[in-house]
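J.: Dumping the structure here so I can ask a few things about it.
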Amino acid sequence: MAEIVLAESSHRRRKASPKPLSRSRTEGYVPEPFDSETLPPTLSSEIQRFLRVANEIQYESPRVAYLCRFHAFERAHNMDPSSSGRKVRQFKTALLQRLEQDENITYKWKKRSDAHELRDLYHRYKDCIDENTRLFGKENREQLANARIIAYVLYEVLETVTSGTASEILADGEEIEAKSKLYVPYNILPLDPGGVQQPIMQFPEIIAAVAAVRNIRGLPLANNHQEPADVLDLFEWLQCWFGFQKGNVANQREHLILLLANIHIRLTPKHESTSELGHGAVDELMKKLFKNYTNWCKFLGRKSNIRLPSVGQGVQQYKILYMGLYLLIWGEASNLRFMPECLCYLFHHMAHELYGVLSGGLSITEENKIPAYGRGAESFLEKVVTPIYRVIFEEATKEESGLGDHSKWRNYDDLNEFFWSLDCFQLGWPLYLDHDFFRTQPFGDGHVTNASLTDTEENMKKEEKEEVKILFGDGHDTNASLTATEENRKKEEKEEVKITSPKEDHKKQWLGKTNFVEIRSFWHLFRSFDRMWTFFILALQAMIIMAWHGLESPFQFYDAEVLEDIMSIFITSAILNLVKAILDIVFMWKARHLMDFSQILRYILKLVVSVTWIIILPVYYADSRRHSTCHAKQYGSWVGEWCVSSYMVAIAFYLVTNAVGLVLFLVPAVGRYIETSNLWVFTVLSWWSQPCLYVGRGMQENLLPCLKYTLFWVLLLLSKFAFSYHFEVWYSVYCTIFGGVYGVFRHLGEIRTMGMLRSRFQSLPSAFNVCLVPPSSKNGQKNVKSFFHLKINKVSENEKNGVAKFAQVWNQIIDSLRSEDLISNRERDLMTITLSSELTSGLVCWPVFLLATKLSTAFSIAKDFVGKDENLFKKIKKDYYMYCAVKECYESLKYIFKFIVKGDLEKRIVTEIISEVEASISRSSLLIDFKMSELPGLHSKCIDLVNLLLMNRKHHEDSIIMILQDIFEVVTKDMMTNGSRILDLIQEFQPTEEDPICYFREIEPQLFASSRGKPSAILYPIPDGCPLMTQIKRLLLLLTVNETAMEIPVNIEARRRISFFATSLFMDMPIAPKVRSMLSFSVLTPLYMEEVKFSLKDHHSSQKGVSILFYMKRIYPDVWRNFLERMECEDWDELEEKHMDELISKKKHMYEELRNWASFRGQTLSRTVRGMMYYRKALKLQAFLDMNDDMDIIEGYKAIEMGHDKKDSYPSLSAQLDALTDMKFAYIISCQEFGAQKACGDPRAQDILDLMIRYPSLRVAYVEEKEEIVGDKPQKVYSSILVKAINTLDQEIYRIKLPGPPNIGEGKPENQNHAIIFTRGDALQTIDMNQDNYMEEAFKMRNVLQEFLRNHGRQPPTIIGLREYIFTESISTLARFMSYQESSFVTIGQRLTANPLRVRFHYGHPDLFDRIFHITRGGISKASKTINLSEDVFAGFNSILRKGHVVYHEYMQIGKGRDVGLNQISKFEAKVSNGNSEQTLSRDIYRLGHRFDFFRMLSCYFTTVGFYFNSLLSVIGIYVFLYGQLYLILSGLEKALLLEARTQNIESLETALASQSFIQLGLLTGLPMVMEIGLEKGFLTAFKDFILMQLQLAAVFFTFSLGTKSHYYGRTILHGGAKYRPTGRKVVVFHANFSENYRLYSRSHFVKGFELLLLLIVYNLFRRSYVSSMTYVLITYSIWFMLMTWLFAPFLFNPSGFNWGKIVEDWKEWNGWIKNHGGIGVHQENSWESWWNDEQSHLRHSGLCAKMIEVFLSLRFFIYQYGLVYHLDISQDNKNFLVYVLSWFVLGAIFLLVKAMNEGRRRLSANYHLGFRLLKALLFLGVLSIIVTLSVICDLSVMDLIVCCLAFLPTGWGLLSIAQAVRPMIEDTGLWDFVIVLAQAYDYGMGVVLFAPIAVLAWLPIISAFQTRFLFYDAINRRLQIKPILAGSKKH
């Protein structure tokens, strides 16, 4: 057999025929690889390596491959002999079939025994490994490691085949096993001995950090049998003592080393050595890591257990041990990571044990074991994490999918806050599992169960008392060296023993909630923001009093009587305080078990004091009113009218606490100190105002920020009280003003067009050098620019070297635009900055698009110019770009001529001509010496020359010579006034002739031409790879570009990105550090089941009839053309049809590129990954720029990027750059389902693997659900696994076992949490999978990270917010509305909330976290089920409450996709509304509302839940208004009032009503959006866009969204039911059928719209006699607009909503859906009954109060009926109550009629159809006869029938609503069937009423055309083809 060549593995899943490692001796046999990836979870970890190796070697040795597979089968059978595991039986069958096939084929080629075959192949691999170890150990480490894996697997199989008899082979195998340990899988740092030569391991900071971690000198051994050599570092030592998992140890080892190394290099001064880890780096990390722990200890009055030796020699070792211990606890804590103080508790005890071991203070015996919970391989997981995890898990099971009562189960916050009190020490150490903390409530009864179930834990309970005593000692000193501090600590430990000793007679009970109870009630809004509501109520009362007194001047306020009346508001304040005190007691009742006495006393005293003031203030007020003499006195001035009464004195005492609060508000530093101090004096002082909690203390801002947001709110409140209007309107106005001013000062929109960019392009390099280039050591720190400095600073002519770095970055940006197909090849060439060392050093080769037409314009000026040279030069230099174009063209031609001209004569001629030109310029005689009128001829000849040079073909040489001769003639004869000197040069080489004409005729053919026997006079063709070709190409563009080049780039997105990048360079940003000194960071993207990449099947098919590829081609036509150009293909469809077979077999790359192209246009993971990996690419270039000078930059980076850097030196520069980038950046995708997808063969798993192969530094973390066979029964085991791609396969790096399934709470935060342990660095960026990043933005990441080192007020930020750009805005009009709405929120909205309001939180997406801060404080989101549905914002809440700080910067942007269809948008709005309703109930909002000062609390309310509550109030206000109007009309009161008011000016009233209605349309609330568009695009564009949006029915969309927000917010607070609503993130805009729209909007919009419609109709019917039509219109037109929007917007914004064909299909589908019966397993999409049951599910789980409110609200329909029946003509003005009773009899008769019809249909329609028809006829005739009789006898009119319908229809709906609320009481009765029938009839009727006008409008073709026009206006305006998309008939 041929020699083995260790090549890169060619095997890949589902790849048919990989190349062999060497030539196979079994030619003719072409084996297929057996699937080694989709394996049963129970077997995968044990057999996968054998199957993979078999696939690797099957071409080389099929027989050995067969033996490997046979060995895998044996192992599988031994592991699960009964095939009880999932899919094990199928796997065994498939593998056995393959073995039978391979046995039959390979056995006949067998020449020797199987053992010899295995041995030979094994020895060949072994010998080859030995020979290539040194070489491969440097450059191809992964391939060598793969070879070692193969060798070791072969040894395992050989050992089995030989049954262990081959002693020689055994020895070899042991050697290979030992060597394989040197090459273990790694993430970033290869810490095994074999990785020492890797570039990243050669950085001094890494060497220093590794040495510190490996310093184990002086550490005691874990047991008597352990050898010192067995422990390599401090982490392994901790593992031996505390029982951490191996994968956790490896992960956190790398984690800590990277943290220390990065901090070390950042803090070490340049002149100091970095080879030894400095104490500063260790201290800084330790301070950040243990800040929360030390605060926790201080809060609980406990001393920290982080104890360091007094001798400095081992201090650093101790510190690293403590940090390693904490990180190991955190890394293995699983769901406990959401409970930071729980981790502090665990660390507190384990740190005590660690110090006991280190100091020798605890004797280590079998009785006194360390750790106390026992030692073992996974003891920490089993004995510590699992018991607490089970409590979390069992509590979460009571949540009932968002419908359960929050007060009945403990969420993450409740369990964590248990550790905020000294009671937590009752848990003891090891954990006392009989404590009430571990007890949970089962469903249905009040008994308690213990959450810890294992036998081991039960045995631990018996020993706990003894172990606690042993652990903490009995007071005797066990270490003679302990200091006096240690003696004090032992006293504390004795106290802890008393706390932890359980009481024998303690009654076991469920602890219940901790510190807060989430109860579903709107009272939470008052309780959380009581100061705001009190202020508004008191302000309203004061204004009513002032209006009552008719004050006409502000000075009248000080009138004694008026003042005293106004001061009555404090009585109201006392009443509100009583309400608050009662609410506190009621809401905290279920948390009483964990309250200490001081808290209970506080609540009781609050109630008592409130009652006392309610008694005192009214008594003194009444007494003051009776006996006051102030009213009788008259004074000359208002000052003298002050009169102090007893009531005022009482008020003064009442306001004492408020006065103290005012003083502390004005001096925030004092308030902050009092709150954060743990002194008992300050604790007592703050006890009354706030409960003593661990969080929420010291949140005050500095004085200046306080003054800023105070000014904002004072101005806003004054405007509100002065001019009324809705509060949101004034907030929008001031948001516009303040946000606009801040935007102007941040330079937003300074460069917003390409014209602006061209005019300021020369200043970009200077701005770039200031912001994005680190300051050099020579210049020191660059001074930050002033406001105008960068605007006027331009690049001078001799600054070429200063532009070099900018040019590299700029060209990289342009290349990225080309790779994204946003620009064409020509546009790329026109926009690239050329850097050439051959040209003059002072020349800057600006992009050609800046120089378009400049050269031709200069020629035109010079050609006709008359005057002096100085004037011509001045005129040309006046246009900087024109001057650059002329100079570059001249220099380029000069260089080209010098390069290609090789003949001596020719060289001399060229030199002389150049000398003559430059001499004329120096003498200022150019216009005299040269005829400029001949320039056009020279221009034309130069173009011809450059064109031929660019073609570079040998057969063009003669043409080149001719053109050169023509140029010579033009210059010497036509242009030069004295060309004789040049001709004299030629005469020296030629015989003299008298006739000059003959002379030229003889010499011309020989000039530039080749002579026989002599070298060629010109160098042509130009050698391949010569840099001159780039210069020639650029010169051709310079000579030929015209006006069209000024319009590039054509693509709108490319223009926007370039403009924003240029603008951002002038914004205020920190100066960038060098890459090596920058903060390191990670990016984390959670992924569930979203789209990774569009498949080929997706490209050519679609559920709705339109393929994704067809859609993309129509929406992005210019990008598609650029893609075809990049693929060198003119017509993809033609190519596909003609060469389908060839493309499938040989051009898979093109298909893969097509998939990528389409995927990069959608909201897919591949788009996100591509964008985030720009960070790595940018950092690599920036690192190169940091390391090299300008000349190296000009020459080197392209070669490095293409892998052509020098290989003779190791490590290569490219390898160093990669290593440095790995140190600074990591990207992890948290894909929980990746393991399951692999197991089931999901194509998405392969797509994810392809991403890892494409981006080798990408990592994927997933949760493995594995079944282990225990006692012949499968048992599920969960693990967090990190993988990377090696040799086209995924390779496991770390495996960390979990205590159970991690998805206990909300999906996204749990997904983030399991993967966060694999992140690295100082910062963490959270990115959703529908986001994007851009190359130009990635270059600014260094600057953004520097913000963490800036002080923004009182401290550096903990969260940095970045702006987003919504890239889906061009899809449709709805997408544009959503884009503007989101853009307004993420720009001007967040700009305002961050500064001045100081209430910006975390809104997910591109925010950057201070990673160390957040991992020690609960993570980057909260995960409690339902309550944390909007998980992202809670991270901001948590950060602020823990004294963090959030800032927002706009100089960097991240792309973001949004939903593009109305249904998708509505689901998103519903999800956000659900989340805000849950926020309303949360403890975070309550604490923010109480801990913020008054004005910051206002900001918090109106920027969070207040917006949604105000939306709900707006809708409720409409209902109250209409029902109030109805009452006034039906009672006759309004008629009396209006008749009495006819003498008043009704026009002014109508005007006021009209203005209020106009504002209700939301025009003023759109001001922030207009301002932001104006800032970034210009105010004229903003005005046009705003008008266009109104014409496109933006008001309809936003009004419809108002209904969505208000419905889901209100319903969720009352009944619950909040849940995540997947929107699909589809890119294709498709038609939604009628039933889908009805299901989605029936209860949220349609029902409410019909109710408003009936109210308006009734109002109109009964107002006609006395209310004018104008008044009616002014009052109700906005309501009509709203109800019509709610009823018909879903169909108006539905593509093809008025297409007749679609209408017919929808009608058929609707009838089938409404009539289909539900049942078990019938989805709501297929049955009305199933949908109806699901729609009412929230009522079945809501509380009694919520159901009572639902019943109470339904009573409005009965009151409505009551008012109408007395206006019937048949009642004859009878007001007797019997009339109302009779109306109920009529209603009952109608119900009986419906029941009779239903029963008749059920019993007769099938078998007695004729009888059923007869029954219907009888019922119809009966009803008709009754109506006729009543008409004749009782004067029943047609109007009475109409009014009866208007009265009884709502009443029936009210009865239905009540029946649904009391469903459990009537569900088992026959009445429930009737309820279902009635509900179905109502839904069918509403559907028909909605469908009828749509069907009518569908008959009019203009309606459908109009709909298409406004839905896709932007697309149509860009001449895109929309109709084929809507038709849905194209496949590609």
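The backbone N, Cα and C atoms fix where each Cβ goes, and this holds for glycine too.
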J.: Out of 849-866, 1587-1604, 1893-1910, let me know the one TrEMBL marks transmembrane segment.
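T.: Range annotated as transmembrane segment by TrEMBL: 1587-1604.
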J.: Counting only residues 6+ away from its ends, which parts of the chain sit with a Cβ under 8 Å from the transmembrane segment (566-588)?
T.: 516-517, 519, 521, 523-524, 526-527, 530, 533-534, 537-538, 541-542, 545-546, 557, 595, 603, 606-607, 610-611, 613-614, 617-618, 621, 647-648, 651, 654-655
J.: Report the DSSP secondary-structure composition of the domain '1,3-beta-glucan synthase component FKS1-like' (317-432) as helix, strand and coil residue counts.
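T.: Residue counts in helix, strand and coil order: 80 helix, 0 strand, 36 coil.
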J.: Would you confirm whether the transmembrane segment (1674-1693) and the transmembrane segment (1587-1604) meet the contact rule of 3 or more C-beta pairs below 8 angstroms, pairs 6 or more apart in sequence?
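T.: Judged by the Cβ rule, the two regions touch, with the required three close pairs present.
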J.: Could you tell me what the rest of the chain brings near the transmembrane segment (600-621), counting residues at least six beyond its ends with Cβ under 8 Å?
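T.: Answer is 568, 570-571, 574-575, 577-578, 580-582, 584-585, 588, 592, 646-647, 649-651, 654, 687-688, 691.
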J.: Sort out the residues at least 6 away from either end of the transmembrane segment (729-748), same chain, that have Cβ-Cβ distances under 8 Å to it, and list them.
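T.: Answer is 712, 715-716, 719-720, 1063, 1066-1068, 1387-1389, 1391-1392, 1395-1396, 1450-1451, 1502, 1559, 1564-1568, 1570-1572, 1574-1576.
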